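Data block below; observations after.
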Amino acid sequence: MWPLVVLASTHILYFAFGWQWFRRQLFKDYEVKNTLVRALFSATFALSCSMLQLFVFEIADTLDRDTRRTSWRFDLSAMVSILVFLLPFYSIYTYLRERNWRRDRALQVAAFALVPLLYSFWRIGLMFPVVKGGLANLSTLDLLSIEQAVSRIGVIGVALMAILSGFGAVHCPYSYSFSTDTDVQASEIVALERQLMQCMSVMMSKQKKLALCRWRARSLPVKSGTPSTTGLLSRLWPGRRTEQQQAEDEIRHLKAEIARSDALRLQLFNEVHELHLARERLAFSRTCLGKYYTLLGYIMSGYCVYKFFMSSVNVIFQRKQGKDPISRGLEIVCQQVLNLQVDLRFWSQHISFMFIGILVFTQVRSFLLQLTRVFSASSSDLTSNIFILMLAEIMGFYFVSSVLLMRVNLPLEYRQIITDVLGNLEFDLFHAWFDAIFIVAAAVTILWLTFQRRRSVKLFTD
């Protein structure tokens, strides 16, 4: 009985933490009155943390096997129900209700719109055969099983994780590796700031002139005659232009000049900002902490190259995942490098326990930090409910995919329950799918950063 109490308590604890973080951190500047939106987000967060917690329980052999298997099934079933049915339906319903649709009408349209979404979700299984045996001999109930839903969630979620990982694997070492080949002089910044102030002064004078022209245009007397007659006379005699038309032409001309000046002002401001940031990075790179970050950047750059190379090898040669990296690394270091005879199973268990714990912590922490940044940059009062429902959907896909990919980090004896619960999934296909998307995302990020770098160098040398 007590194992169920422990699991129920952890679910309640994670739900409460998600609720408080939602209220105090994510929505600290916004008032969200929709309680169901909070509940759906907190429930998704609680189930995600519970699944990652079960990884640690597998390594530590905490609770009995039947209890862990039951908890895995409950978490996956609840997560599938939320991601596939509740969140899409309630997102559509909330979107319609915020546009003043009647409740009954919004419910009907949301239920109707859910049908093509479910069909598209089901079609993913036909395009990506991630379940062993295919769909030929499956009954209707089998098509609605957990493994069928998780397989489709995994395809989408693994692609999302690969894009984020590919971007991070390139951008993170780029951010830590401070370039010292370009020295930014203070005179360059002062010259650009002077140009910026001159541009703003010219734009303000044009805005004053525009306001004066508008005031004079409103004070002009209204001429008699229809607009068609006036326009015909103006075309026949171009020199005969009324004061009203001249004022309108001058207003249009001033608006165009102000728009060009504003574009120039924005460009100059961005250039000044980039120069200030480059000067600060250069100064920081010469400190002890900056040199440490630079060294860390080089190390991470090496790992990025290694990861990119290994992913390319996996895709080209269609190499499958073998022994987990912890056991393989211990075997190489102890037996081939140090020539030590140690209990690999014992140390593999304890090192895997620490590794999975660190991986779980960093996964949750990094995702929550990115979630806060994205929401702070994109949210608004009108779309806050819709946006948080979308974030909950992404969070669920992300952590379910983490379960599929983190499975390879477990030694074989600790994978059994997870494999039994997830069913006959082609786990190697998920890793191949991750490697392919990772390569594309990393390559695109390299091209983008190269373009940004050349632009910055050109700015500094001009």
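Note that Cβ sites are derived from N, Cα and C of the backbone, with glycine treated the same way.
Unlike curated records, TrEMBL annotations are generated automatically.
According to TrEMBL, the protein carries these features:
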TRANSMEM  6-23  transmembrane segment
TRANSMEM  35-56  transmembrane segment
TRANSMEM  76-96  transmembrane segment
TRANSMEM  108-129  transmembrane segment
DOMAIN    145-210  domain 'Golgi pH regulator conserved'
TRANSMEM  149-170  transmembrane segment
DOMAIN    284-454  domain 'Abscisic acid G-protein coupled receptor-like'
TRANSMEM  289-309  transmembrane segment
TRANSMEM  346-364  transmembrane segment
TRANSMEM  385-410  transmembrane segment
TRANSMEM  430-451  transmembrane segment
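Only pairs six or more apart in sequence are counted, and the transmembrane segment (76-96) with the transmembrane segment (430-451) gives fewer than three Cβ pairs under 8 Å, not enough to call it a contact. Residues 128, 130, 154-155, 158-159, 161-167, 169-171, 174, 304, 307-308, 311-312, 314-315, 318, 320-321, 401, 404-405, 408 of the same chain lie 6+ residues outside the transmembrane segment (430-451) yet bring a C-beta within less than 8 angstroms of a C-beta in it. Counting residues of the domain 'Golgi pH regulator conserved' (145-210) by DSSP class, helix then strand then coil, yields 56 helix, 0 strand, 10 coil.
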